[in-house]
């Protein structure tokens, strides 16, 4: 027997133990010939194929009650957990960031807070000497020198292109594209970059704020990110309350900042909020780039008055650039540095300049009226008007008193119910519902869409439907992941500025984005979609097959999100990133195995399929679905076709499920790592 076994040749190995218990070791050639494998069972005598003596059981079309119960219970439990986590997180965030702070509650901690802020804030003498700055061989700044004392407000003035912003960036030690030289000393020494960031604050010309946050939340987030960890939350809340009071933001502290498409606070108030983000650390040195740019006369005066007060009361060293200040703003400056073409024209005490009181026709008439203020006659007219309005006050007061004595909330609700606004909303809802119910085409459209893949058959046409629905799921998740492009692009400028000002490191920002933005949006949707559609389509009812199906969907979605995040961090232009991401998605779909049989790809291009994450995700889904089932075709005769035969004919490897899962994991890890590299080394503020 041993001699006979030794003479067996071919693409497989026949191994026997003690002349019995024989089995085949299968190789790739044998697998290609028999894609459904050859299951042998022998002890002594002849070996037989398992399918010769076992009945073949085709896939059942319906889920078992146990499987359906498990799936529904898991979905309900996941929704409950998510709801609880969201509510607890929102409640904690509201308590920490959105609650109003009563200053009287901090009497016991005032001494500790004051001591900590005294350590953080020390008087700073800023001296700069022989500052040169060159970009591409062109001299922007040439030999600028000066100094600023504590409690002084230095204004850097000059026409457009004089080098005001460039000088401010160099003094604030910002990253510049050109070559800068010279010495910048604080209290006679050159501090380290980290120490300089602790001492200073920088306010950009354009306000970059989160429009969905309130003023208090914005300042509280800045305090949580920038103040020392050893400070308690109560002390940080107190610091935020102090900043709100210093900047006169009490009336809008709980108002939403707003965005271009959302109404919010005014431009001058936004500028004060931007200043407040830097003041939470109580900096000794403050730089502001054109703080009055884009503001009207009133708001510009309010902002500069706040800066003047902060300079004098806190003994801060403040440097601002300003283009063309009004006369009342000019009086607030302590020192003046006038630039022209990168050179110093004059550097002196601003108080030595007198502002002429005479007015000429060249001066803006509205500015004259604003500076003159109201006359005695106008004050008397306003007083008389208010007195006439107060004559009707008793009647109005009696109505409010009567209303307050009764159930005020009840009257408000009843009044709203009878209002035209409530009736209009109610009518629109009723109209929309009635139109949908009366329009038969809506029911037809919904039924047609639902019946496309409802409980697909287990014949050859059902194979095509299974291939199509799984490919559709991959395409849907892939293109839905392009939302990651917009997610980062909206915060790109905000990230660069907050990173430059020392709010957080790129690693902290990236981890927060991945854990609380990318993962929830890329894990929960495929789980919900897969759980709902799996039963509707009638895929393999085995519970472990369903679990493997959800695993591939989640990994595929993470891989697609990682790829889109790479383009979002690599490109400033959202349109270019979106176009390139769409082209890469189409390329991956082409080599995914549905549109093109992978066995018929020319050898010189065969390597391209390994770059397609659609190839890994789609193949894993198909193998998971068809590997263990037997299809039945009754078009000519009752023929049973093993699933692995179908896989082989379509160019899929029936043994590649876990290999594809590992490749999807590697693809996701590589794309997310590449995104972090782009974020850390390329997404920087360069002025």
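Just so you know, the numbers here start at 1 and follow the chain as drawn.
Yeah, the Cβs are placed from backbone N, Cα and C, and that goes for glycine too.
No curator has checked TrEMBL annotations; they are predicted automatically.
Per TrEMBL, transmembrane segment is recorded for 69-86 (among others).
According to TrEMBL, the domain 'ABC transporter' annotation covers 126-366.
For 348-369, the entry in TrEMBL reads compositional bias 'Polar residues'.
Residues or ranges marked as region 'Disordered' by TrEMBL: 348-376.
Remote same-chain partners of the transmembrane segment (467-488), defined as residues 6 or more beyond its termini with a Cβ less than 8 Å from a stretch Cβ, comprise 453, 456, 513, 517-518, 521-522, 525-526, 529-530, 533, 537, 553, 556-557, 560-561, 563-565, 567-569, 574, 577-578, 581-582, 585, 588-589, 592, 594, 614, 617-618, 621-622, 625, 650. Per TrEMBL, the feature transmembrane segment maps to 467-488 (among others).
The feature transmembrane segment is assigned by TrEMBL to 549-571 (among others). If one looks beyond the transmembrane segment (549-571) by at least 6 residues along the same chain, the residues whose Cβ comes under 8 Å of a Cβ in the stretch are 473-474, 477-478, 481-485, 487-489, 518-519, 521-523, 525-527, 529-531, 534, 539, 577-578, 580-581, 584-585, 613, 616-617, 620-621, 624-625, 660-661, 664-665, 667-668, 670-672, 674-675, 678-679, 682-683.
Annotated transmembrane segment per TrEMBL: 578-596 (among others), in sequence order.
The feature transmembrane segment is assigned by TrEMBL to 661-683 (among others).
Within the same chain, residues 467-468, 471, 474-475, 478-479, 482, 485, 560, 563-564, 567, 571, 608-609, 611-615, 617-619, 622, 650-652 sit at least 6 positions outside the transmembrane segment (578-596) and bring their C-beta atoms closer than 8 Å to a C-beta of that stretch.
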